[in-house]
Each structure stands twice: as C-alpha cells, then as structure tokens.
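Notes follow once the structure below has been shown.
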C-alpha cells in the first residue's frame, strides 16, 4: 500500500511538471526563435490587417502605431505589468486601459482599484461612507474609472469573448474576431481589424465631402481625412461688416479683421486709426456738456447718448442718510448733527461720530476674542485678528507628518511635502505629495536595445535590468578591430567580435600582399610573469594575451639594379634595396670635362634617357681649376672653376711697364692679346717724353717709344775753351761729329798762371794753421795731467722763447675738459 501510494504521488508530480512545461512553452511572448518565429509573426500580422488593407488598396501607413503594440505583444518581456513590474504571459488574465492601452494583470488592477478607493474614502465619516461614487485612476495615464467599472472578469481586447482561449496562431489575449469597436473620433464606422491591442487605426472608409467653405465640389476622400481645404479665399463677411475674409479655406470661424481704418470715438470728438475688429473706442476727454440745471457740466468721460439730469438736483440726504434736504444744485448738503450710526468694517459696532463726510474710522473698541483654534481668549481691538502661538499636533491626511501650523482651526491642509520614496523600478523616486498607501508605478518607459541600437523594445522602467536584449537580425556594425575595411559577416551581438580569419592582405613595404591569415589579434603566450617559489609549487597555466604580430618578411625574388645602374641582381623582396656594386660612378659631371670618381652610389633619376648618364645632385662636385688653353699671349688662367663650354674673356688687368720703363700701365688682357703691332705700340706707350739719354748725354725728344733713340740730337750746347772762359752755343750733333772746337787765347793763359800762384799761397797758410792747432791741444793735455787748473765748463744757457700755444694751453684745455666731464 505504501508503494502504491508513493507511485501515485510521483505520477501526479510528473503530470503537473509536464503540464507546467506545456504552459510555459506558450506563455512566453516569443515561443520560437530564428526565422520561423518571424515568418509566423508576419503571417499573424498580415491576417490581422487583411480586411483593413483591402479597404485602403494595400496602404498600411496608418497602421504603424497599432503594429508597434502588436510587435510588443509578440516580443519576449515587452508586455510588462506596471504594478508588479513582471512580464505578462499568454495564459494570464489581463486588463487593458481604454485611455493609454497599457496592459495589467487582472489581479493587480483589482488590488490597485481597491486600494485607491480605500485611500480616497478613509478620511470620510461612517455617515458619508458609500454615499458618493469615488473614481479610481489608471496607474499609467491617470484616466479615471467609476467604482462600478472595476474589472472582475478576463476579456479579450475587443471585449466580446470572456476568457479567450490560448491560440499560438493569434495575437496573445485576442479572440480572433473582428474588433468592431467605435472609431475615435466618432464617424459612425467601426474598426475592421481583428481583435488587437492598442488603439484602432483611422477609419479607412471612403466618403463624399466638400471643403470647409463649401465652394468646391464634393470629392470622395478617406473618412479619417474628410475635412479638407480647397485653398480658395474664404470670402465670408467679417464682424466689422465692411470687409471679407481673405484667408484660404479654413475650418471654424474667421479671424478678426486685420485691417486698420480711421474711426471716431464714442463721443465723436476724436478720430484715430484703429483695428477694424474693434471699431468702438473711448477717448480720455471729459464730456463737459452743460447739464439741464444750467449750473454744472457733465463730468463723465467720453460716452454715448444724453448726459442725464444733474446729480445734485432733487432731494439729497446728509452724509449719514438720516435727514433729507431740498436745496438748489448750487448748494452743498449740510450735516444733520446727529450721530453717524453706520456699521463699521467689523460688522458688529456702529460709528459713534457725528454726521460727517468721508469714510468712517476703523473700529477701536476692545472686545474679548477667541483664537482660531479655540484654546485661548484675549482682549484686543475689534479690528485686529487674534492668533495664538500654539502649534497644531494633529496628523495630516498622509498619516505621517504633523500639521505644525500655528493656531490651526482643525481643518488641517493636505501634506505639502514630497513623498520621496523609491518606486518599484528602483531608479526613480515618487514626486507626488506625501500620501498613504503604495506609490503610483513609475511612468517612465525604457528602451532595451541590442548592441547596434537598431532593434529595440519598450519596457517599463525597472525591467531593463532583468530583460534579455532583443535578438537583432542586423549584421554587426562594429568597426573591425583589425586592419581590414570590413569584418566577416555575423549578426549583432554583445561582447567581443570573433577573431578575424580573412587573409591578411596587408601591403608590405615591398608592395606585395601578405598571404597569411589575419594576425592583428593573435594569442601570444605570456612568459616570465610568475616565478615558482619552489619545486613543490604547481605550475600555473600559461597566460595568453592578444597582440598584433608583424607580417613575415617577403621572400619573392626581385631584380634590383645597383645605385649607379651598372648591373642587375636578384635579391629577396624583404631585402631588395638598391646596393653599391663598388665600381666608380662614372657619370659625367656638370663641367662636362670630368666624371664622378665616387664609389657606386644612389643618384636621383632624371626624366629622359639622355640624362641618365649625367651626374645627379648626389655625385661629387668638380673642384678642379679650368685647364682650357687661353688665347696666345694671355698669361692668366680662367678665373672660373672647371666648367663646360668656352672660357669667358679675360678681364684681368696687365701690369706692364712702358717702352721707357719708367711708368707702369694697367691694360686689359683682352685688349693686349687682340691688338695688332701698331695698336700694341700705342697701348704700351705712356705718352710722355722719352727719358733715355743720347750718347751725347742729352734726353731724347721723342714720345715714349720702343727700340733705340735717334742719334741726331738737336739740342744746342755751350762750347767752352779749356779754361772755361770762352763759350759758344752750337748744335750737339755737330760737336759729336767733331767738326767744331774752341781754343784758349792769351788772356786765358795769363789768368791760368795767376790762379796757380794763389793756390800755392793758400796751401802754405793751411799748413801753418794746422801746426798751431796741434800745439794748443798738447798744452791743454799737459795742464790736465798736472791738476793745477780746473777747467770750468761753461754752460751757455740758451733761452728758448716759448710760443703762444705753450703759454696759454693750460688756460684753454681746463674748461674744455670740465665741459666734457659734465656731458658724460
């Protein structure tokens, strides 16, 4: 028996588990995944919209809002009860609001309505309870429902079927019949969709209607857009009665007339430009017309019609109103002398003054007043209110805070503090006034999006933490983490993208493409991070990190020329760089005379083939002197360094002595080398008289010339006899020829004899004088040896007379130096 009983218990438990599994399979809003679920959902939506689209010729643009509600009904977790913040399953009883179309659990909305009614009716007394039908609001849109409208049964969206059956080929909580709810705004037609969540779409029926101004002909239009404008001027007469409406055809009444016209005021004295929509206006002048009494004028401001009788005519009362007097309008009414007895502002006491003009004074009588809360009394002037300092300790309607108002009358105001409690979403706080009971659900709607953000579903605030993101059928739009412009196609997802398996195809430095698979995110073993403490420690698993590995070197053989393009060799692509063949460069330098003697080196490529053998900017520069031969007779070298073409003309100056070898001439080398014999003779001549002496001893009379001077001297010289007494002027050339000579006469001989005698006498006198000088020197020497005499040296002081500058230079220089010091 025990085994049989145990078997039955296990059997019932298994059946309950199987039943629950079947219910859970259909309870979720998305029971299938992948393409099958999308195909199935599309068929259900097409079936629901078939009748509507047949009326609109396939146009489904007005169904977007309804389609959104239906998509949320199919998506997992999109339909959430805002009261309990839980998902609405297919097999659960629900209720939807007719204002915001939000779906709630039937049990949750019943509890919400019950709590709302309790909170509203709790401050009432027992006598008032039940006498008034207090409404309860929707938790989301606050649309108010009567107490009799509290849901008690589970109906489909259209309200035709109670407890609709669970059908996987219908929209969840739908009966599958035509909706037939009244469309809003009401047009007399009904909804043509199958039973659906959310609002009904606009009416698709075609009706014949005219425009707003009824001028155009009636045309068939969609019932939801039957009001239309023909864009013609309205033409209706405006309120001013003068103009017509110029606006295009429009609904409703016409706007006020926008024109401006010149209009008179009410009294007709003034005229001004005013809007035609307000023709009547009042000026600020006093009427001033004489009244019927003839003594006063009308004091009313601009008015229409007659001024009326004089306000001072007839019987008039005194200020207190107790006595009446019949006086002319020119006399003022006197006071009656009785007490005023008018009721003061307090409404209790009367004015005790005598009849007077003007307002009465405030009531100054002392009375015993009770405060507003009724706990204290005090004698105060009647016109002053009395409030005590006692604070009200009653609890306000929120049942949390005290009133704390001074001298409260007992009717405490509602609590003015903010509730501030955290709502069920755990993200926001209640911003309503302090209240009893549970707070309203959070009204915020949060979008739960996929990683790319293109697929989203709206859920109540608080459900985003537990809601699984929707599955996106869009391709992953993340930029590739490797160097490829696009990554391998895969769907939108969270987390890291799968490693790239595309060929690397990086352009290497050589220009070839890397053939290996992408290695920008290769897993590399990390070594040396942890050293074991000893042999007893177990080795840890190696750590791997993602890093970009360099592309392997390219092995393609590439023909490569040397720098100077002397030879071609095959080199590996990764090392295929221009090289030096160790030969001389051999390129013709710019001088066109020498070649580059550098070792084979890089030369910038030139455009034409003819220029390839020319030296480039990297070749050596020719530093040799120009060795080209000059013109015959030019002793100079070319001043330019080694250069192509002919040398420039020699412009150096030659330092040459003239023919006479006395003057130095500076002549351009070019003139010297290019001149003829006669021109050279003239160039070297200094143009002065020849300084050479002729054999006769005289200077040459010719201009500076080359060669020997002519021998025919034309100079006249004086020819003397041997004693030099006789003389005669004769041409020098004749003397040289020996043709003429001059002999001494007798007188010359006598004079020569006397001269010889005189010379002999002078020679004798000189010998005697020399002997006397030597004797005197001998005596002087002997006297110094004996010491008998002291030769006193006589100093002749020669006074040198000073010049005027030496006398007055101190007087002049001192002021000059003083002025210089002051300026410095």
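Every residue, even glycine, has its Cβ placed from backbone N, Cα and C.
Straight from TrEMBL, the features:
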type	residues	note
COILED	744-791	coiled coil
DOMAIN	187-205	domain 'NF-X1-type'
DOMAIN	240-259	domain 'NF-X1-type'
DOMAIN	293-312	domain 'NF-X1-type'
DOMAIN	346-365	domain 'NF-X1-type'
DOMAIN	373-394	domain 'NF-X1-type'
DOMAIN	398-417	domain 'NF-X1-type'
DOMAIN	425-444	domain 'NF-X1-type'
DOMAIN	482-502	domain 'NF-X1-type'
DOMAIN	591-624	domain 'NF-X1-type'
DOMAIN	634-652	domain 'NF-X1-type'
DOMAIN	696-715	domain 'NF-X1-type'
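Mean model confidence for the domain 'NF-X1-type' (187-205) is a pLDDT of 85.
Outside the domain 'NF-X1-type' (696-715), and at least 6 residues removed from its termini, the chain residues within Cβ reach (under 8 Å) are 658-660, 663, 681, 684-690, 731-733, 735-736.
The DSSP breakdown of the domain 'NF-X1-type' (373-394) into helical (H, G, I), extended (E, B) and coil residues amounts to 0 helix, 6 strand, 16 coil. The DSSP breakdown of the domain 'NF-X1-type' (346-365), given as helix, strand and coil counts, is 0 helix, 2 strand, 18 coil.
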